[in-house]
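Below: the structure, in structure tokens.
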Amino acid sequence: MTGGGFATSANGVEFEAKITPIVIISCIMAATGGLMFGYDVGVSGGVTSMPDFLEKFFPVVYRKVQAGTEKDSNYCKYDNQGLQLFTSSLYLAGLTATFFASYTTRTRGRRLTMLIAGVFFIIGVALNAGAQDLAMLIAGRILLGCGVGFANQAVPLFLSEIAPTRIRGGLNILFQLNITIGILFANLVNYGTAKRMGMEVIVRFGGNPALLLTVGALLVTETPNSLVERGRLDEGKAVLRRIRGTDNVEPEFADLLEASRLAKEVKHPFRNLLQRKNRPQLVIAVALQIFQQCTGINAIMFYAPVLFNTVGFGNDASLYSAVVTGAVNVLSTVVSIYSVDKVGRRFLLLEAGFQMFFSQVVIAIILGIKVTDHSTNLSKGFAILVVVMICTYVAAFAWSWGPLGWLIPSETFPLETRSAGQSVTVCVNLLFTFIIAQAFLSMLCHFKFGIFIFFSAWVLVMSFFVMFLLPETKNVPIEEMTERVWKKHWFWARFMDDHNDQVFVNGKKSNGKSNGFDPSTRL
Ligand code: BGC
């Protein structure tokens, strides 16, 4: 399974890299870190609309749902802060944990950080499976959140660093593929459980992905970038030879050495991140996370069963629809794996922007006309149309903002700020996931069908951002982004002047050695 290939570096030197089994296997194992994240996303939606779960942990909501539609608006029956806190506690824990994870990824490596994630997951699952009351349940979710913080920090970096340049996008998206498989798996378990088993079973199933990641982390190799970053040069070179399947690794190794030399000069990674020359990557990483969550995807992912219930599907039918959405999510991610290194990141994001905007507007119109506060007269035809539009929307997300939200930040930061940059990425992602999780049921209650218009407006804004400000990173070696991407971009180049920090300190205005508008870096 080895295929030859070259990537050209900034100074024209070629990197030789075969697609070796060790790279593929390491990536598959590491990517299982996404399973647990996805599983947790999926489980929340399922259990929160499940009568026996609600009766045990949220009796107030249970009574409200049971009381039917007379007292409460269709859009408001699940509006309960405690219920939302159950879903969102995980994300709060994750965003705090990621700062610790940034330290371990930088100083102890990507592999150990993945291992820590696995251990958090195992303990979290054990706690949740035995939960007798809400406090234990939330404690378990907090530990799972710590696992998510560590895994989402280390896995995308690991994948981007270990992959040969020309298939880096595809391999990195294995992480997102696992997220989507985790969600689908949770939806299937939810569906089965709702019919036959107790809700504890759902939670226990989470033990499988947790074990997979832990064993995987024990078996994979460390990335050469991380070894070199930590001064283990000989080992780094040996690993590079092994993963690239060739002895001719000098040009790439020289790149790693140079990146690590620059990294050594940095004493405070987070402060360094704020320097002017790191502004483009930072702005893009933060913006991508906010935008990814403002597509509204998690409104669908967490609350799909609740949402389908709201628009008038029965309990069974709504879980069934959630399974369909989950399957579309997985399959469309495969489209992204296949195409991201061919058509590029920008094309996928722009096409998906159009598709998501269209489907959200159609959903808003149907719901606006057909679902009022106290009655749903969604005929079978319209109900199917809503599901089709939700699937159209999920498909677009799954080949664009889902995977690329994780891929692009993990491949654009230089080594010296990569760990800190990734931790800001994860933190902002989880913060906005938290905000959406916490606010969605209340927003649904107040905005009603307008919630889809709200998210579609965001989709419009983010598409313009991509069009003008997001450079293409397809096929660029990871340690060469500065030279080949940022310094050539029509807007971001002005931040790349080597003397900018000096100029900034002296309080003089930056002369920003901009290359002007360069269309070749834009598509
Ligand atoms: C996002 C998650 C989301 C998932 C859906 C991920 O990329 O970060 O918040 O639930 O995609 O597939």
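Please read every residue number as a count from 1 along the shown chain.
In case you wondered, yes, glycine gets a Cβ from its N, Cα and C as well.
No curator has checked TrEMBL annotations; they are predicted automatically.
Feature annotations, courtesy of TrEMBL:
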DOMAIN    26-474  domain 'Major facilitator superfamily (MFS) profile'
TRANSMEM  19-39  transmembrane segment
TRANSMEM  82-100  transmembrane segment
TRANSMEM  112-131  transmembrane segment
TRANSMEM  171-189  transmembrane segment
TRANSMEM  282-306  transmembrane segment
TRANSMEM  318-340  transmembrane segment
TRANSMEM  347-369  transmembrane segment
TRANSMEM  381-402  transmembrane segment
TRANSMEM  423-443  transmembrane segment
TRANSMEM  449-470  transmembrane segment
Q | Cβ pairs under 8 Å between the transmembrane segment (82-100) and the transmembrane segment (318-340), at least three | A | no
Q: Any chance you could find the range in 112-131, 282-306, 347-369, 381-402, 423-443 with the most Cβ pairs under 8 Å to the transmembrane segment (449-470)?
A: 347-369
Q) Can you name the far-off residues of the same chain, 6+ from the ends of the transmembrane segment (171-189), with a Cβ under 8 Å from a Cβ of it? A) 23-24, 27-28, 30-43, 45-46, 155-156, 159-160, 162-163, 201-202, 205, 209, 301, 304, 319, 322-323, 325-327, 329-330, 333-334, 336-337, 340, 398, 402-403, 406-407, 410-411
(Q) Before we move on, state whether the transmembrane segment (282-306) and the transmembrane segment (112-131) share at least 3 Cβ pairs under 8 Å, counting only pairs 6 or more apart in sequence. (A) no
Q.
Can you work out which residues elsewhere in the same chain, 6+ from the ends of the transmembrane segment (112-131), have a Cβ less than 8 Å from its Cβ atoms?
A. 30, 33, 36, 97, 101, 104-105, 137, 139-151, 153-155, 158, 200, 203-204, 206-207, 209-211, 213-218, 220
Q. Can you tell me the mean pLDDT for the domain 'Major facilitator superfamily (MFS) profile' (26-474)?
A. 86
